[in-house]
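Copied over from TrEMBL, here are the features:
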type: SIGNAL; residues: 1-16; note: signal peptide
type: DOMAIN; residues: 279-366; note: domain 'Ig-like'
type: DOMAIN; residues: 404-501; note: domain 'Fibronectin type-III'
type: TRANSMEM; residues: 513-538; note: transmembrane segment
type: COMPBIAS; residues: 583-600; note: compositional bias 'Gly residues'
Amino acid sequence: MAKLLVPLVVLGAVAGGAPPAAPRCPPRCLCPAAAPSPTLLCARTGLLAVPPSLDRGAVELRLADNFIGAVGRADFANMSSLVHLTLSRNGLRRLAPGAFADLRALRALHLDGNRLPALSGPQLRGLASLRHLILANNQLAAIDAAAFAAFAATVEDLDLSHNNLPALPWDAVAAMASLATLTLDHNLLERVPAGAVARLPRLARLDLTANRLRALPPVPGPPGPALAAGGNPLHCNCELLWLRRVAQPGRLETCATPAPLAGRLLGAVPEEELTCRAPAVTAAAAHPPAVTEGQPLRLGCAAVGDPPPALHWLGPDGRVVHNGSRRSVGADGSLELRVATLRDHGGFTCVAANAAGEAAARVDVVVVPLPVPRRDRDGDDPEPGPGPSDMARAGGNETFGGAGPGERRVVAAEVTGSSARIRWLPQRHVPGVRMVQIQYNSSADDALVYRLLPPSTRTFVLRDLAPGRLYELCVSALHVAGDPPAAPRPLGCVSFATAAAPPGCAAPPRPHFLGGTVIIVIGAAIAASVLVFILILTARWKAAGARRPPPALTSVCSQTNGGPRPAEPLELPPLPPLPPGPGGALGEGPGGGPGLGGSRGLFPSHSYPRRARPRRHGSLPRLDAPEGTPLGPLRPSFGSTHWMLESTV
């Protein structure tokens, strides 16, 4: 035993003391052995793709000045120790999603001098330790807001210069708490949002040279970041006083407008010449000035000032109008009311504001209530006349019978905490109605909900309403499509409030939720029943197979298929002579030829193996009887014809 252990110990010592084999260096690359960490130098080697035989434990990889057009998902897989990666000047056009997902320790990524058209969120996923991202001299025209999410907390240097960026995801940039250098020169930026730079507490240098900026928001200071903004068509007015005061000798910010200051350096313009002009509203009107409730309306407003004023609207209640499903404010300052209600009746105010002050103009809007039909004593429907609207008489939960002589066109009845029944009068004198449209919204949500119904519908139940809410609902008739298509004809509007939910009581489950739960329970019960039925059948089949006796084997051998031993011939008693046929004796045929037997006797019998049967013909002896057992007598009724048939078989 000792003689066997000694060689094993020696082999183990030799194997343990041998240095590990060095990883193979990719072709055309240099792998300096004197480097303190594994380094792969593959720059200027004419590579068309990332070498597949890279050392996955490398710390630095340089692939600059090659012809690598795309980076795949597996090119840098499992390179978790890589710290520095250079892919500059390769003509790179495509980055696969997750191409750098395994580079968790990467700190510097150089992608400058390529042809990347855009950046999406998954392309830079996984770079949790990135500090320097260089994307200069590409063809970037758009950057997804999620592209910087993986390294927003660690990045310190972001270079996006010499691209085609008309805008930047400033909210994503403002989330970079450690950002110290932001380079955005030679792009197509037209605007820097106010406060975007102020949210970068560690920013030390901001380069906005050669863009299309006409104004610059104030940056925090002093001291503030070092700012370069030359080469922009700046509009020199009071908004750039802050930049004039922090200007240093040698700065190149030049005024493009107004005309008296065009071409002059901002630092050379006196402060008293950097002035602003207060806004003035030049036009404000409603188109059309009066509408029937339920119809659309547009309010226009125009103003001048230096700088150009920003426009916003105040509603009749004095609140600022925001964009929603029923109201929207355009980029030109116009206000569009898609569905006018009686709450819009009154004065809207257009407000223009800039750095020099504010100006306002009032626009009156007239919303005409829908006429209410009245019935005469004969029960006929007269021509509709003016009357109060359902909006003016909100809160009506009455039915048609309790409305008095002037019936409403649309009423809300049977209002509960989660449902309401809406009824409206039939439209007998409106031809070509294709369908009826119901639109409603609640006081807490400005989004409109639409329902389309057949033209013959006169009542509809709204479900899934929120308790304790005020709802506004309008019913319109949609006509047959034409050229141009006809506008919807309002039939009436109504306001109603749902009942408040009892305190401490949870809202009951919705019907569609209960229906889905019942379907799932029934399906599970059916599946379980089928499974149990299959298991029972399987168990019974196995039990029946265990109780069944093994089948008896019958050994019948023949001279055609062979066997262990030939079957012994049966000895049968002589058969009675057959009666002569029409042609003569048994041995002659009708024409005197040989008969059934001829010189060869009865039909020649050929023995073939037969399948064992549990019940045998009574005319034959048992073929599987033991040897020496006497054969029983034949049945008296056994005839020659039966024997011939049996023998033939």
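Note: Cβ is positioned from N, Cα and C throughout, glycine not excepted.
Where the annotation comes from TrEMBL, it is an automatic prediction and has not been curated.
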Restricting to the same chain and to residues at least six past its boundaries, which positions have a Cβ under 8 Å from a Cβ of the transmembrane segment (513-538)?
none
Where does the mean pLDDT land for the domain 'Fibronectin type-III' (404-501)?
77
DSSP-derived helix, strand and coil totals, residue by residue, for the domain 'Ig-like' (279-366):
3 helix, 53 strand, 32 coil
